[in-house]
Amino acid sequence: MTADTINAADTRINARWVIPMEPFGTVLEHQAVILHGSRIAAVMPQAEADRTYRTKETIDLGQHVVLPGLINLHGHTAMSLFRGLADDLPLMTWLNDHIWPAEGRFVSESFVADGSKLAMAEMLRTGTTTFSDMYFFPEVTAQVAHDTGMRAQICFPLMDMPTAWGSGPEEYLRKGADLIEQWQGDDYIIPAIGPHAPYTVSDQPLTAALELSRETGAALQIHLHETAFEVQESLKATGKRPVTRLAELGLLGANTQCVHMTQIDDSDLHQLSGSGAHIVHCPESNLKLASGLCPVQTLKDQGLNITIGTDGAASNNDLDLFGELKTAAMIGKVIADDAAALSAHQALAMATLNGARALGMEHELGSLVPGKLADLIAVDLSDPFLQPVYDPASHLVYSNHGRAVTHSWIHGIPQLQDGRLTRIDMPDLMLRVSEWRNQILS
Ligand SMILES: CSC[C@H]1O[C@@H](n2cnc3c(O)ncnc32)[C@H](O)[C@@H]1O
Ligand SMILES: [Zn+2]
């Protein structure tokens, strides 16, 4: 018998269950996850880890399931300060009569700093370790995410209309190019381009956005086919459905993330399939604004990569991605008229590996595989509302709330320990949020 080699590493996490996401559908029991620096060193049975690893610290998580950190692929983080401000409205009334006027009055650097931090606190508490943002003052959100240690795709906004961040497309693109230059290659921040929607961005800036994407490799994220009204208005104005218009401009490619996609006909499917474009499903925002339902199974059957997002807290009204997964799985079954559609493991894949793929980071994120970045979470299944446990994946999607998340690590650094955030000063943040509430109310 040969003696085992002893390896040194930083952290050992003992957990009752591990769902590594690769191979698909795997649930491991009594595992040790070993972290070293910013990466996963090993996932192995605890008995084997006893023989082969010596770590600086060991964290015993008895009845927990450990899985990759969740990836929220679409949101407007600073809008958390508008949570509950304008409910029960359809998209265009919500935007034109409530949200855009409110943004005109309140959005500033400090609004974005405080609002995005509030969103990050909620996301971290509920299991999200990577998010995508599309909002004004993206340089502020990028800095807050970086200082907090969250991984984020930061899409600078692009619209025809002037806002507090810029006078029009030229300025948005100039500032956006600076943002890309500043953050490209950063460990945490992935700069990207956020043309708002086909109805707010004309052809010329869309083409300029595509050029910038091709020059820099930055992804494009756009609200697309969110409502039937959007498609009808586009047909009236251009004679084309928005997907056709974008395809003709060259915007539907492997570096494009299409958010919402609730209105899909055969011509859209034809244009999307094979384009390599990614779909960002936002079921709760689509339900709340009565925008429509994304036919996830049909898109999936065409080979499209389906990811998930919450949208902003002003249209959701929370950023709990576990809740979003439950909603996605439930409505996915009804839309497909098939209870087997969107299983718990498929739902988890949307928030992990598929999200990583859309970010072009499938070799770095989205599964607990040695060598990948150490972005992971632990969920405590010992609570009565999660008992008994036959299948932890089932509980994560069908019974869980993000509230059961107790630990997270991003880039190997602890972000949440026993339910407490390590890098956000919550009392200070709560004070600022209440000041914003008073200001917005008055
Ligand atoms: C260009 S910055 C983002 C811009 O988008 C607005 N917004 C928030 N949610 C939605 C949505 O579901 N569809 C379209 N636009 C949305 C937000 O208020 C900002 O103005
Ligand atoms: Zn949105």
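Note that Cβ sites are derived from N, Cα and C of the backbone, with glycine treated the same way.
Straight from TrEMBL, the features:
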BINDING   His74, His76, His223, Asp311  Zn(2+) binding site
BINDING   Glu103, His196, Glu226, Asp311  substrate binding site
DOMAIN    65-412  domain 'Amidohydrolase-related'
Those binding-site residues, Glu103, His196, Glu226, Asp311: which ones have a Cβ sitting under 6 Å from ligand 2?
Asp311
Whole-number Å value for how far His196 (substrate binding site) lies from His223 (Zn(2+) binding site) (Cα to Cα):
6
Structural state of Glu103 (substrate binding site), classified by DSSP into three states:
helix
Lowest local Cβ density (other Cβ within 10 Å) among binding-site residues: His74, His76, His196, His223:
His196
Do any of the binding-site residues His74, His76, His196, Asp311 touch ligand 1, in the sense that the CB is under 6 Å from one of its atoms?
His76, His196, Asp311
Using C-alpha atoms only, work out the spacing between Glu226 (substrate binding site) and Asp311 (Zn(2+) binding site) and round it to an integer in Å.
12
Taking the mean position of the Cβ atoms of His74, His76, His223, Asp311 as the Zn(2+) site, which residues outside that list, in the same chain, have a Cβ no more than 8 Å away, listed in sequence order?
Gly75, Met134, Val259, His260, Val280, Cys282, Ser285, Gly309, Gly312, Ser315
